[in-house]
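To keep things clear, I will list the structure first and then write my remarks on it.
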Ligand SMILES: N[C@@H](CCC[C@H](N)C(=O)O)C(=O)O
């Protein structure tokens with residue numbers, strides 16, 4: 001059987017998207033691992049499933065490249081908005097998306113039939129607190145933030161001094177985070193601009209992380225370094241974040257891009 005998929009990216013954070021209303025899939029962990037591999041698979045940061053929902057307009061499930069399932073993905077939520085609209089699954093520009101971390105509201109900005117950017121109500125950031133990582137670790141302090149999935153934001157003075165590929169996997173498995181954690185290194189450039197690089201749980205270094213950008217803006221505001229509006233500058237590009245403070249909803253705005261459509265043969 002042949003499965004149709006679409007490769008999409010949000011600022012270089014690339015996933016394989018499958019409409020499971022048309023192609024119900026099984027063995028999802030296995031598929032995410034095999035299809036994400038760059039040389040022998042399609043190559044991606046993971047697999048995203050678009051489905052129906054009895055609580056919202058549509059649903060999203062996200063699997064990292066190591067097969068682990070996450071509860072939320074910021075970049076994929078924007079890409080799903082584009083997919084749904086441009087493949088004619090909806091004519092709505094306000095879409096409710098059911099995720100494992102609750103229902104998120106997408107607002108599509110459409111120009112000449114194409115979705116140019118998507119604003120996502122990412123819900124209320126939770127569990128924001130300083131963490132002491134301990135002397136045995138290359139960085140001693142960070143801010144933990146839940147955006148539905150777990151994040152650890154570490155502020156640094158010079159991004160170029162962070163050996164991300166070395167410290168990322170060590171911090172991802174810090175004992176304070178039994179479910180592992182996404183690790184963001186953040187350099188505050190000024191009150192509204194933050195440079196950020198990410199080591200994603202289950203996928204490693206990626207070009208951008210939507211929930212990671214949200215967590216970074218939250219950690220910067222929480223620690224008094226930024227205000228309610230921030231641009232997060234990642235390797236793959238910029239995301240705009242608006243957050244009025246604790247207990248408030250956070251909004252993320254950014255692009256979504258289709259790379260190509262393809263088919264893959266199922267061997268099971
Ligand atoms: N790239 C994503 C987050 C994907 C899931 C993450 N690696 C996790 O395991 O929590 C984003 O754009 O938010």
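Glycine residues also receive a Cβ, built from the backbone N, Cα and C atoms like all the rest.
Source: prediction; values computed, not measured.
Annotation source TrEMBL lists active site, proton donor at 73. Residue 73 (active site, proton donor) falls within neither a helix nor a strand when secondary structure is assigned with DSSP, and so counts as coil. Within 10 Å of the C-beta of residue 73 (active site, proton donor) there are 30 other C-beta atoms, taking all protein chains into account.
Here TrEMBL flags 73 as active site.
TrEMBL lists 209 with the feature active site, proton acceptor. DSSP assigns residue 209 (active site, proton acceptor) to coil in the three-state reduction, placing it in neither a helix nor a strand. The Cβ neighbour count for residue 209 (active site, proton acceptor), using a 10 Å radius over every protein chain in view, is 34.
The substrate binding site feature in TrEMBL is assigned to 13, 64, 74, 75, 149, 182, 200, 201, 210, 211. Residue 13 (substrate binding site): 29 other CB atoms within 10 A of its CB, across all protein chains.
Taking the centre of the Cβ atoms of 13, 64, 74, 75, 149, 182, 200, 201, 210, 211 as the substrate site, the nearby residues of that chain (Cβ within 8 Å, site residues left out) are 70, 72, 73, 198, 203, 206, 209, 212.
In the three-state DSSP scheme, residue 149 (substrate binding site) is classed as coil. Counting only same-chain residues six or more apart in sequence, the Cβ atoms lying under 8 angstroms from the Cβ of residue 149 (substrate binding site) belong to 70, 71, 72, 73, 101, 182, 201, 211. Listed in sequence order, 10, 120, 122, 147, 209, 210, 211, 212, 213, 214, 239, 252 are the same-chain residues six or more apart from residue 74 (substrate binding site) with CB atoms under 8 A from its CB. Counted within 10 Å of its Cβ, the other Cβ atoms near residue 200 (substrate binding site) come to 29, all protein chains included. Classification of residue 200 (substrate binding site) by DSSP places it within a strand.
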